[in-house]
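Quick notes on the structure that follows.
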Amino acid sequence: MASRPGLLTEWPWQRLGNFKYVVVAPWVAHSFYLLATKDLKDIHLTYILIFPSLLLRMLHNQIWISISRLQTARSPHRIVDKSIDFEQVDRERNWDDQILFNGILFYVGYQMIPDTAYISAWKLNGVIINILLHAGPVEFLYYWFHRALHHHFLYSRYHSHHHASIVTEPITSVIHPFAEHIVYFMLFAIPLLVTIFTRTASMVQFIGYIFYIDFMNNMGHCNFELVPKWLFSSFPPLKYLMYTPSFHSLHHTQFRTNYSLFMPFYDYLYSTMDKSSDEVYETSWKGKKEIIDVVHLTHPTTLQSIYHLRLGIASLASKPQKSNWYDLMMWPMAWVSMVFTWFYSSSFVVERNKLKNIKIQTWVIPRYKFQYGLSWEKEAINDLIEKTILEADTNGVKVLSLGLLNQAKELNESGELYIQKYPKLKLRIVDGSSLAAAVIINSIPKGTQQVLLKGNISKVGRTVIQGLCNKGVKVVMTNKHDYYMLEPFMLETMGEKLLLSNTCMPQVWLVGDGLDDAEQWKAEKGTTFIPFSHFPPKKVRKDCLYYSTAAMKIPNELQNIHACENWLPRKVMSAWRIAGIIHALEGWDEHECGDAILQVDKIWMAALRHGFLPLLNE
């Protein structure tokens with residue numbers, strides 16, 4: 001929102017939320033009706049193609065979003081090395097409003113302008129007219145309109161909304177108040193209307209021009225340089241005809257320079273080109289090599305989780321992952337992504353963060369949760385993890401933390417397999433069990449005298465049991481086999497606090513993997529479920545309280561956090577991920593994998609000292 005919102009700031013359908021797409025439903029339904037009731041020769045293709053073109057534009061923009069986020073996470077060619085926050089993501093989540101607006105105007109225009117009936121498949125003269133009109137009137141009028149928008153009166157009421165994003169993403173390009181988009185459409189409609197009225201319009205020209213606008217808009221708002229130097233060396237006049245991401249980035253950081261739409265010619269002509277444009281381009285293209293200190297290695301969970309990755313749909317990635325009614329519509333692409341993972345044989349970078357002097361990246365193994373349970377996939381997954389560890393070690397990474405099932409005991413003995421195979425590794429492998437246990441121990445409600453243990457016992461679960469018994473809290477178990485398996489790990493004084501009973505039902509349950517619905521229904525009303533597993537239990541009871549998986553609030557200094565980690569709330573990070581960061585900040589030199597465990601109190605105090613805070617059951 002602009003600092004002092006003016007007239008027509010809000011989009012007409014803003015209050016509809018995710019139901020805004022119904023505004024084009026009548027025309028879409030009419031198109032399908034025509035296809036179902038008439039012969040193709042009796043239907044004008046232009047009208048039918050409007051809806052598919054809108055979908056293609058959305059896909060085109062989404063591809064740019066994903067590519068841009070991938071590159072800003074790993075590329076050395078970043079232009080502005082600053083942080084993006086959740087506020088910016090929320091401000092830019094309705095980037096498709098302008099596509100809906102254009103679609104409505106195309107449908108209305110087709111029905112109100114008789115000459116649209118003469119739009120053919122291809123006409124060269126129409127393409128030439130379009131190019132000339134864009135380079136002339138469109139670029140010229142846009143330049144002066146843009147300069148006017150930077151006058152304090154219009155800037156405070158409209159354009160400041162766009163400039164609230166200093167670090168731009170492709171979708172930043174279309175984040176404007178409704179009033180601005182009305183003017184932009186009028187400008188871009190000049191070549192389209194002229195070719196329609198002169199009967200030189202064609203579908204190729206229309207689609208090509210709209211694709212050009214979207215392509216240049218997205219490209220110019222990427223926060224990394226991608227226009228190669230040889231392009232300008234081969235054809236020097238191109239610098240006047242095509243801008244670059246670094247050129248437009250200066251407009252967002254300096255505000256009073258580089259006003260041009262796509263062609264910098266008018267900035268040269270009216271002396272508003274930023275004098276550092278060439279220098280910033282050279283510096284951005286040259287880039288700078290970064291040494292990453294910490295890598296967190298995770299993987300997608302459900303098939304739909306691919307959309308919740310930072311590289312996926314930005315608005316979904318910025319919210320905790322949960323099932324939604326519209327997930328079914330996204331299943332086709334989810335299945336395509338699953339098939340792709342069977343053939344992709346390398347991890348990829350999805351996120352880049354920084355805390356104090358520690359540079360952090362999140363890498364993803366391209367395998368879903370269910371694939372980790374397939375016996376024939378274990379060797380391939382281990383090979384992927386091993387390859388990633390060696391790559392990180394070669395690149396100078398100091399700590400690599402294993403997230404989710406990448407540390408499964410049945411897969412690699414909680415990472416011990418890689419230590420045994422490569423004893424000379426320089427990086428430290430951390431499974432985060434000690435911090436996860438510390439978070440769980442410190443989340444037990446005050447005054448709790450006893451807890452019930454349910455589910456499969458893991459390394460974290462065993463450490464939690466030892467910690468609670470040491471604090472004088474009784475741990476009740478119902479599984480005889482697990483009870484006798486745990487006894488050897490308990491000190492004599494602790495053993496008195498570990499009980500075997502099928503009748504005792506405490507109000508606090510520690511739950512691991514394998515807890516079924518029937519077990520949950522045995523709990524008394526008001527029971528608190530605290531998971532020590534990587535994945536949260538299914539919430540069966542509405543009359544009980546479910547804690548999050550082990551996690552902590554992040555410090556404000558942690559930069560570039562604008563995506564949620566799986567099901568966790570905003571600005572919350574899993575203990576397993578935090579553990580690697582603490583390991584690097586403290587400069588600890590030991591591995592934490594296999595049966596090795598750090599001192600629980602030591603890592604808990606270190607996490608608090610570096611600004612991480614208890615989640616307190618959010």
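Each Cβ is built from the backbone N, Cα and C atoms, and glycine gets one as well.
It should be emphasised that the depicted structure is a prediction, and the values quoted were computed from it without experimental measurement.
Annotated features in TrEMBL:
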| type | residues | note |
| --- | --- | --- |
| TRANSMEM | 43-59 | transmembrane segment |
| TRANSMEM | 127-145 | transmembrane segment |
| DOMAIN | 134-272 | domain 'Fatty acid hydroxylase' |
| TRANSMEM | 182-212 | transmembrane segment |
| TRANSMEM | 325-344 | transmembrane segment |
| DOMAIN | 451-614 | domain 'Very-long-chain aldehyde decarbonylase CER1-like C-terminal' |
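The list of residues near the transmembrane segment (325-344) in space but at least 6 beyond its ends in sequence, with Cβ under 8 angstroms from a Cβ of it, reads 18, 303-304, 306-307, 366-368, 371. With helix defined as DSSP H, G or I and strand as E or B, the domain 'Fatty acid hydroxylase' (134-272) counts 96 helix, 2 strand, 41 coil. Mean pLDDT across the domain 'Very-long-chain aldehyde decarbonylase CER1-like C-terminal' (451-614) comes to 92 in this model.
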